[in-house]
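> This is the structure, below, for whatever I ask next.
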Amino acid sequence: MTAAAFGPIADTPSPSRRRAWMRSEEARGLAMISPTFLYALALLFLPVLIVIAYSFWTQNYLEIDRTFTLENYRQALTEPIYRDLFVRSLWISLTVSVVTVVFSYPVAWFISFHGGVHKNLWLFLITVPCWTSYLLRVMSWKVILGYGGVMNTGLISMGLIDKPVTSLLYNSNAVVITLVHSWAAFAILPIYVSLQKVDRTLIEAARDLGDSRIKAFFRVTLPLSLPGVISAFLIVMIPTVGDYVTPRLVGGKDGVMIATAIQAQFGKAANWPLGAALSVTTMVLVSLSAAAIVLALKFTIRRIK
Amino acid sequence: MSLLTQRLRFIPFLPIYVAAYFLFLYLPILLLPIFSFNNAATTTFPLAGFTTKWYASLSGNSVMLEAAWNSLIVGLSVSLLSTILGICAARAITRYRFRGQRAAAGLIMAPLFLPEIIVAVSLLMIVLAMGVELSLVTVILGQTVFCVPYAMSVLVSGFEGFDRSLEEASYDLGEAAIGTFRRVTLPVVAPAIVSSLLVTFTISLDEFILAFFLSGTEPTLPVYIWGQLRFAAKLPGVLALGTIMLVASILMLTLAEILRRRAERRTQLAHALP
């Protein structure tokens with residue numbers, strides 16, 4: 001945004017004094033950001049490049065064979081075990097992001113439209129659970145949903161059920177519930193920010209011109225808050241596809257996701273190139289599906305309008 | 001029918017929904033403390049009575065204390081390092097305009113949008129490929145990558161409202177760059193910096209995946225907890241430890257929020273002055 005706004009000014013010829021000033025501002029800005037930028041370059045960008053490079057190599061026992069090959073990708077995409085894990089991971093992350101956005105939207109709307117003077121307090125209360133230890137929260141869900149856990153024993157002591165329900169824990173539903181809980185704040189915040197930007201007079205105008213409350217919401221508020229919905233969707237979907245802790249703790253056999261397979265390649269299986277190919281494939285697949293869904297979402301909203 | 005719809009209208013659906021949502025958010029967090037004081041080794045209702053023995057058992061646990069010490073070292077280093085890097089980036093973004101700004105900020109913020117396991121795996125590969133031993137140092141370096149985006153967003157919002165003319169006035173009155181930073185800039189942005197330190201310390205304290213991949217033989221607290229989860233008998237002790245960590249996190253976050261708001265008010269005040 002800033003770079004684009006500045007491009008034309010920097011490119012147009014202007015008095016040399018001004019250009020010198022520009023250059024010095026630019027130089028000082030670059031100097032200021034360079035420690036952080038170089039750190040991210042060295043410990044984020046470079047490592048990701050190495051992962052990509054490894055994904056085209058082969059593991060020969062302890063050695064790495066550096067001839068170019070697509071064998072790892074062939075394995076990642078065709079072996080049924082990995083294919084199933086990819087499908088399940090994508091499906092779970094898609095479900096989690098849709099459920100999180102749908103359930104969080106009313107809360108963001110409530111805070112934005114009815115939060116009163118204590119909006120910041122509301123937002124803080126929403127974010128607190130998300131800042132506390134992720135591992136502990138997943139563990140807590142295990143305690144809640146377990147066979148002899150809070151939910152079962154609680155319902156039994158209230159007399160609602162006779163014997164424990166076994167279907168609560170160790171399946172993909174448990175994974176979805178836990179992840180929806182973990183990512184709630186990440187969905188509410190961007191939606192709230194875009195709702196704050198919605199011009200309230202537009203909604204009033206729609207009401208004055210005869211739209212019902214619900215119609216005005218779907219034709220004015222929702223389309224205008226779409227940027228927030230989309231970033232909420234992306235910020236939940238992309239990271240959850242590679243979640244490791246939740247499937248391991250509450251997923252059981254039916255809830256295993258791709259991260260477990262990736263971790264195995266770097267641990268017991270010791271096949272780094274395959275692990276790298278699985279990581280790259282995960283990123284590519286989740287980016288493609290997220291892009292497709294964002295496009296579909298934009299298209300649908302345009303139709304409603 | 002019309003009476004029913006009229007009645008339905010007066011039921012506050014949305015507040016009820018929001019209350020239920022908050023219950024859902026806080027339920028898992030409230031259960032840990034409840035069961036950590038429960039006099040039973042299992043997490044079942046009805047509760048079996050009050051005890052503090054699980055907390056008492058922690059104080060003699062030398063492996064846990066070692067992990068706590070590791071977490072403290074990592075947390076302090078990460079919060080310091082990521083806040084310093086965050087200050088540079090936030091200052092560059094709020095104070096200067098330059099080409100490539102957006103791309104640089106995008107790369108720095110990227111860990112927020114990547115699955116953590118991919119960040120962890122790629123760091124593990126580069127560390128081992130360079131022949132570096134896994135230790136607390138590798139955890140610190142890795143967690144810093146992950147914490148800088150959070151530090152930066154806290155700091156950018158603290159720096160954004162800062163009035164540049166205050167600094168210019170200081171330069172005009174003959175103060176050097178360092179003096180201006182110390183005497184004009186720092187007092188205004190100090191709350192944001194402390195807030196960033198607290199937030200990044202909390203994230204580091206609770207961070208598991210990077211520590212799990214990069215810690216080698218020196219576990220941090222979450223890695224220690226992960227090891228304990230396999231043993232059902234150890235659960236109450238873990239719940240007690242978890243409760244302590246939870247309380248610590250919430251206290252630090254509350255403090256960070258108070259400071260962040262003070263920073264916001266201060267920059268607004270600086271604006272209001274003629």
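A Cβ is built for glycine as well, from the same backbone N, Cα and C atoms used for every other residue.
Sharing the record's features from TrEMBL:
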DOMAIN    A:86-295  domain 'ABC transmembrane type-1'
TRANSMEM  A:37-57  transmembrane segment
TRANSMEM  A:90-111  transmembrane segment
TRANSMEM  A:117-136  transmembrane segment
TRANSMEM  A:143-161  transmembrane segment
TRANSMEM  A:173-195  transmembrane segment
TRANSMEM  A:216-238  transmembrane segment
TRANSMEM  A:276-297  transmembrane segment
> Looking at the stretches A:37-57, A:90-111, A:143-161, A:173-195, which one shares the most CB pairs under 8 Å with the transmembrane segment (A:117-136)?
A:173-195
> Against which stretches of its own chain does the transmembrane segment (A:173-195) lie, if we need a Cβ under 8 Å and a gap of at least six residues from its ends?
92-93, 95-97, 99-101, 103-105, 107-109, 111-113, 123, 126-127, 129-130, 134, 137-138, 141, 145, 167, 221, 224-229, 231-233, 235-236, 239-240, 243, 246-247, 250-252, 255, 257
> Counting only pairs 6 or more apart in sequence, are there at least 3 Cβ pairs under 8 Å between the transmembrane segment (A:37-57) and the transmembrane segment (A:143-161)?
no
